[in-house]
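Asker: One structure follows; several queries about it will come next.
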């Protein structure tokens, strides 16, 4: 019989939660003399932040049943004491509480100063016989893997746990039995980095004056879970808006004044630093389209970088290094046509460049990129052709009323009805019969009814 975490109530797990002499502890509260026996298996290598892959992040290949544990302090080791480290899951007996923590190396990101910063790793728990190391035996020395098991579990057989289907089963917030010591410098996803608050609640039962208060405090700590609430993102957004002095309940409207300010702010930047958007269009930033500026048409000229198709084009844009070192550059002095003639004239230079961006059909989104490029390259030519094919609307002369046309300087009023059109047609037999009756003399009908 396979077990599904969170699907059944486990009396053994519940009784285990009620037993014990305390709740979850933190590493800075633990005693120096901890039981770190190995039960006959090899000592696990300590997993540190320095052992993560230096080149970017890796993809978690399998779905864990529990939320992750994230490192927030460098140089801290991820480890649990003997018999600890297996999360609590309703429906899973203690005999199946065995598995390993898998280190997920997250990708790096670029900071404001242009440097690459590597995110600290995040650890996910998988039951023995599941996950990325399903075929490995318990205790195998693997970089980025830390084996854990309860004292009642048989580590020689895989755990009888089904794999999680993310479409039907949500991840369970990670919780541990009472007395578990978390690795220092780590926090459970969804619980925040509130270690001081957790330590204060852990000490609260010890400071309580009676056993009853300790029981009530422990009961409250048992029922609370560090899961992510649905409105947590809204609360964070409200706090950020409050710091900025804005009301989160009122929608931010872009008025003509704010749009004008945004447009002026963009136009005050140098030409090569402008980013056109809804408030400042492409033509306002860079002028009309032509042979020297031949990209853009339709909605992209109106929306600029706000166009939904623009981000995929931005993937083709060269970096600053590729621009300077991968292009042919030429410095030329040009005539200064701007400025007040009374002011001192400035020397104006142009850094002209000539290069190419090479890509092939293996590029992600290749078909979409080709479609967008074909729609916007030299689009101004098609627009001009379309304008030439459309006959211009005749302009109405001043003082001329609608519905009048001029022919040889004679104004003829437009007909207002079919009767006024006065179209000639031949008389039918019915018409002739009616005319004859009209010519006959009138005779009064004297017949009685």
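Using the three backbone atoms N, Cα and C, a Cβ is placed for every residue, glycine included.
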Asker: Determine which of 122, 263, 271 appears in Swiss-Prot for the same RNA site as 106, 164.
Answerer: 122
Asker: Which entry in the list of modified residues, 167, 174, 428, has its Cβ near the fewest other Cβ atoms, using 10 Å as the limit?
Answerer: 167
Asker: Pull the DSSP breakdown for the region 'RNA-binding' (52-194) and write it out as helix, strand, coil residue counts.
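Answerer: Split by secondary structure, the region 'RNA-binding' (52-194) comes out as 3 helix, 36 strand, 104 coil.
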Asker: Sorry to bug you, but what's the C-alpha spacing from residue 167 (phosphoserine) to residue 428 (phosphothreonine), rounded to the closest Å?
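Answerer: Rounded to a whole number, the Cα-Cα distance is 80 Å.
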Asker: Helix, strand, coil residue numbers for the region 'Disordered' (266-297) per DSSP?
Answerer: 10 helix, 1 strand, 21 coil
